[in-house]
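Since the structure comes first, as structure tokens, the remarks are kept for the end.
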Amino acid sequence: MDRLHHPQLQTLVQTTSFHAQHEPTTPAVLCEGRTLTYEQLHRESNRIAHALKAAGLAPGDRVAYLGKESEHYYEILFGCAKSGTVLVPVNWRLTAPEVSHILQDSGTRLLFLEDEFGPVVEKMPAAPPETIVALGESFAAWKASHLDTDPKPHDVTPDTPVAQLYTSGTTGLPKGVVLAHRSFFAIRDALASEGLDWIDWRVGDIALIGIPGFHIGGLWWATQNFNAGTTVVAMRAFAARQAVDLIRDLGITTACVVPAMLRMMLTEPGVGAKDFTTLRKTVYGGSPISEALLEESLAVLDCEFAQIYGLTETGNTAVCLPPAAHVPGGSLMQAAGHPYPGVRSKVIDGEGRELPPGAVGEVCLATPARMVEYWGLPDKTAETLVDGWIHTGDAGYVDEDGYVFIRDRIKDAILVAGENVYPAEIENVLEGHPGVAEAVVVGAPDERWGEYVHAFVVAAPGQQPSPRDLHTFLVPQLASFKLPARYEFIDSVPRNPSGKILRRELRDRFWGDSARKVN
């Protein structure tokens with residue numbers, strides 16, 4: 001298959017018109033048996049752009065979407081881009097007060113709303129946006145009342161804001177991360193500039209998006225495929241059995257998932273290599289992956305794997321572990337990856353001094369895909385974006401070859417008798433035990449040592465490992481101060497809708513409402 005790269009496309013305004021002209025009948029979106037071609041995507045997004053202008057919205061105004069994945073979401077994405085408005089995708093799993101905060105904080109003027117989330121809006125403590133467009137049966141008529149011709153051009157450059165995504169709010173209220181068009185083109189261009197196929201798009205590709213569109217990973221993966229002119233398979237909400245069936249039945253060639261989704265697919269009864277024969281590449285990221293899960297995934301899916309690392313603030317991926325580095329037992333299997341061409345990395349200490357290779361500190365990234373700002377939070381922006389560098393809040397190091405290794409979130413480090421202990425290291429070893437499906441490690445208060453290591457464990461199906469079994473397994477592999485002092489077995493690990501572990505929820509069992517979660 002031929003690789004696809006269209007360097008003349010530099011904004012999402014250009015994407016649908018280009019592909020409507022060159023491959024009008026190619027499916028752009030497949031969703032629950034419905035097909036939207038590139039010509040249809042172009043025309044329907046034109047209608048939405050005209051409608052937004054008719055509703056009095058001007059470039060820079062915020063437009064929110066509260067609903068699950070569907071072809072309408074992508075029509076609205078491109079309609080916003082063409083009208084100059086900024087799309088605010090809202091996590092549909094949030095409560096009414098949480099949704100209200102996002103709509104109020106962003107200053108949303110118009111809300112696209114799926115019917116099933118109407119009760120959420122009704123319960124919001126603040127007034128809803130001035131205009132609500134229902135995505136039910138009346139939506140087609142609403143669109144049809146507007147022209148499908150190209151809207152009057154507005155001033156747009158790669159630096160023009162196009163989306164505002166809210167962080168998951170694991171440490172306080174969610175912040176609105178403003179992203180420009182360049183966030184969805186810079187990495188594609190970087191790979192093409194060096195002829196790298198770490199992640200690539202090819203003629204005939206059909207891409208599964210398991211990650212929600214309100215998450216940077218889902219939105220980025222969708223736009224990369226639209227920019228290439230390939231087909232996106234949208235899942236209303238991720239379900240492991242459905243994902244496996246879609247891969248097998250639709251002949252899906254690429255997929256973008258978080259590690260938890262890989263685990264769920266592999267543990268579905270009867271699932272095996274026969275279900276993944278058309279896959280050529282799996283892109284994963286969003287949370288740490290254990291070596292055991294990665295090696296099992298490589299064996300069963302039997303395709304190329306690429307890990308992506310980044311933040312919403314970096315415009316998704318800034319670092320990639322390419323397929324060639326995915327060698328079971330290899331030294332790079334624990335790496336986050338290598339910066340793309342044009343992306344720089346460094347590690348700093350608490351005083352902001354750059355550290356040498358191998359020294360652990362805060363990972364910082366300078367990428368052309370980085371955010372514009374935190375919406376309405378200049379002080380927070382200045383803390384995170386310093387002289388072009390995004391301060392990730394992740395503890396890690398860079399090796400002599402430039403590969404980035406992430407140890408953990410800095411705030412998640414456990415301080416045991418003055419020694420920093422990183423949960424991800426312990427979790428990775430624990431999940432290598434055949435009786436462990438998943439493990440989460442947190443620090444709990446200890447009067448003698450400051451903190452002790454507490455391990456939450458989800459047992460593998462049909463297994464009942466004892467704390468003694470796990471301790472015996474860990475002793476040869478970890479220093480004594482890293483060993484969990486206690487093990488607690490749980491049925492499942494709490495996660496947010498993006499698949500990230502809600503570590504704070506587990507930690508708060510020990511620390512309660514204390515603002516200082518360290519002794």
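Cβ coordinates are placed from backbone N, Cα and C, and glycine is handled just like the others.
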According to Swiss-Prot, ILE216, THR312, ASP394 bind ATP; so which of LYS281, LYS411 is the extra one listed there?
LYS411
Taking every protein chain in this structure into account, which of the binding-site residues GLU313, ASP394 has the most other Cβ atoms within 10 Å of its Cβ?
GLU313
Sparsest Cβ surroundings (other CB atoms within 10 Å) among the binding-site residues THR167, THR312:
THR167
Determine the Cβ neighbour count for LYS411 (ATP binding site): the number of other Cβ atoms within 10 Å of its Cβ.
14
Could you check what DSSP calls ASP394 (ATP binding site) once collapsed to helix, strand or coil?
strand
Distance between THR312 (ATP binding site) and THR167 (Mg(2+) binding site) at the Cα atoms, whole Å?
7
Compare the Cα of GLU313 (Mg(2+) binding site) against each of the binding-site residues ILE216, ASP394, LYS411 and report the nearest.
ILE216
Where does THR167 (Mg(2+) binding site) sit in the DSSP three-state scheme?
coil
C-alpha of LYS411 (ATP binding site) to C-alpha of THR167 (Mg(2+) binding site): distance in Å?
16
